[in-house]
Amino acid sequence: MAAKEIIFSEKARSRMVYGVNLLANAVKATLGPKGRNVVLDKNFGSPIITKDGVSVAKEIELADKFENMGAQMLKEVASKTNDHAGDGTTTATVLAQALIREGCKAVAAGMNPMDLKRGIDKAVIAAVTELKKISKPTSDDKAIAQVATISANSDESIGNIIAEAMKKVGKEGVITIEEGTTLENELDVVEGMQFDRGYSSPYFINNQQSQIVELDNPYILLHDKKISNVRDLLTVLDAVAKESKQLLIVAEEVEGEALATLVVNNIRGIIKVCAVKAPGFGDRRKAMLEDMAVLTGGTVISEEVGLSLEKATTSHLGKAKKVRVSKENTTIIDGMGDNDAINGRVKQIKTQIEETTSDYDREKLQERVAKLAGGVAVIKVGAATEVEMKEKKARVDDALLATRAAVEEGVIPGGGVALIRVITAISNLKGANEDQTHGIQIALRAMEAPLREIVANAGEEPSVILNKVKEGKGNFGYNAATGEFGDMVNFGILDPTKVTRSALQNAASIAGLMITTEAMIAEAPKKDEPTPPAAGGGMGGMGGMDF
């Protein structure tokens, strides 16, 4: 086992705080509408220019092990806030730095670290309660666009495209972000349920120009096994043909004689039909077939529930207004399923989302909810260069997550104003003893830090602006982008409540741990091995003798 180096109390905390300050100073430069850029060097390719706090934090690794521990713990604040709320990483870093710096000073002055921690925790609990009181629900597209714009570093084009995407697919809809091929941002919306399986044979195509299959008001047959014998299908085909209806068959596979018969009947115009493979595999395939059944008001023909294909009737089939099938995708538009059944299915899947521990499963379940409840929107990010594309895509990701957070828990006035109003509301809070009360005061002072940093990055004097904002009430604050004072909501400067709440709670959590740290242990640096003495002069093979 390698030897360890151990440092204690003040020496440990000062090394840790040095690491915290290095990381925080790099990250907080990006805060606010006039935040600065940070350039990140990469081992290959061109450097990345970013204004995204979490991207900066992730890149930082310090040479000194004890300083690095402080930096890594602060990095945890940024990534935890980003994972939970999607934004607020820089705010969380600024809050944590202020709490740690003041807290460690108080410990050095002889205060009890445990009481300081209790005081900070007490202030944060009161602050979170106050934030919830200030919070207003996001009801309209304008508020959603404003939140997205702020999160995307004041880029209105990103804010508007996210608001439009949310309007089209609903709050439950899935919005995915891809790299575009043009200079402009684009939005593609897929209505209804789409899955990534195309037609089993190109002979089903009935729209030669678009090379797709279009079915109007078709019946939809859902089966969980392979279909190779045409006799199994005869009852259903006869019933559908008698009604002069069209038919979509979704099964594990349609092959051999069955596929050939369907193609021949389709070409002759006896019945307009298309066969596609069921999406997914195993249990996920069964679940997706059930989703389709609920959406279209049909039943999955499965031996597990005592239904066989040859005994199926039109009452077992689903219905939809329109179905489009291309080479790669099938889209079911306006399924005729019962709304209560669809809502029940959505609730059931949401319960599974809450219970699952796998990120992959959660993502797939959320996709299923979207396909049932809303739709899928794809935002294609446009940019002139690859460097700009990556930076812009990261901002769109942030903005989307922040917007979802705003829809979830509402919004508060942005620009650090909400925390200033919280300070005023809980300024009379007292602890059980003097040290706890000092901990509360540390937390209240730290809540000024985000506004101070936004103002400093805009090139103004933080104390002057802070005092003027403190004199105001409600939404009154400072718009760093224009240098004006006024109502932050009217300026369109809003923050999701969830983002500010998460930033404050995560910052206090790490600060509490650091303030109460008494010893730090790291692997001792290896001493360089002494180099062996060089061989003497003389001829080789002569033992270095000189002649």
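Cβ atoms here come from the backbone N, Cα and C positions, even for glycine.
The feature region 'Disordered', as given by Swiss-Prot for the ranges 306-327, 526-547, sits at 526-547.
Among the listed binding-site residues, namely THR30, GLY32, LYS51, GLY88, GLY415, the Cβ with the most fellow Cβ atoms inside 10 Å is that of GLY88. Reduced to three states, the DSSP call for ASP495 (ATP binding site) is strand. Neighbour count (other Cβ atoms within 10 Å of the Cβ, all protein chains): 25 for ALA480 (ATP binding site). Sequence-distant contacts of ASP495 (ATP binding site), defined as residues of its own chain at least six apart whose C-beta falls under 8 angstroms from its C-beta, comprise GLY88, VAL147, ILE150, VAL411, ILE412, PRO413, GLY414, GLY415, ALA418.
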